[in-house]
């Protein structure tokens, strides 16, 4: 089983790549965390936002496998505690399908991504910068895995 983070945006600052890579490297070989970056649609003067979101969402959905369990990261999604995420992770591992986490661009995910999602998850009611979401998600997935293994990283 693989955990796949599918994000809109490329050419992240070095600190973002370093933070994400640090946690991705910590994941065990049987549960790799992979990143797929989708180019952000160009937003010039007076852009047609719905058209740009649709273009980004088409690319996101084509990157997600047809059998993947899809989790859309959405402000309107359900909030999960770290312990709930650990429980989800155990369930996903038993299911065996890859899990694709969808992160939209600056305007979010189009309806097609939300409709394809098996679950919608809200990391926070705050608006988070998309580069930070990569690090936060990677850390929380690593933390959830450590909980399932009684690893001392998580001390709640």
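From the backbone N, Cα and C atoms, a Cβ is placed for every residue, glycine too.
Per Swiss-Prot, S-adenosyl-L-methionine binding site is recorded for 73, 104, 123, 124, 125, 126, 127, 128, and the stated evidence type is sequence analysis. DSSP assigns residue 73 (S-adenosyl-L-methionine binding site) to a strand.
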**Message:** Within 10 Å of its Cβ, which one of these binding-site residues (73, 123, 126, 128) has the largest number of other Cβ atoms?
**Reply:** 73
**Message:** The record lists 73, 104, 123, 124, 125, 126, 127, 128 as binding S-adenosyl-L-methionine. What's the largest Cα to Cα distance among them, in Å, rounded to a whole number?
**Reply:** 16
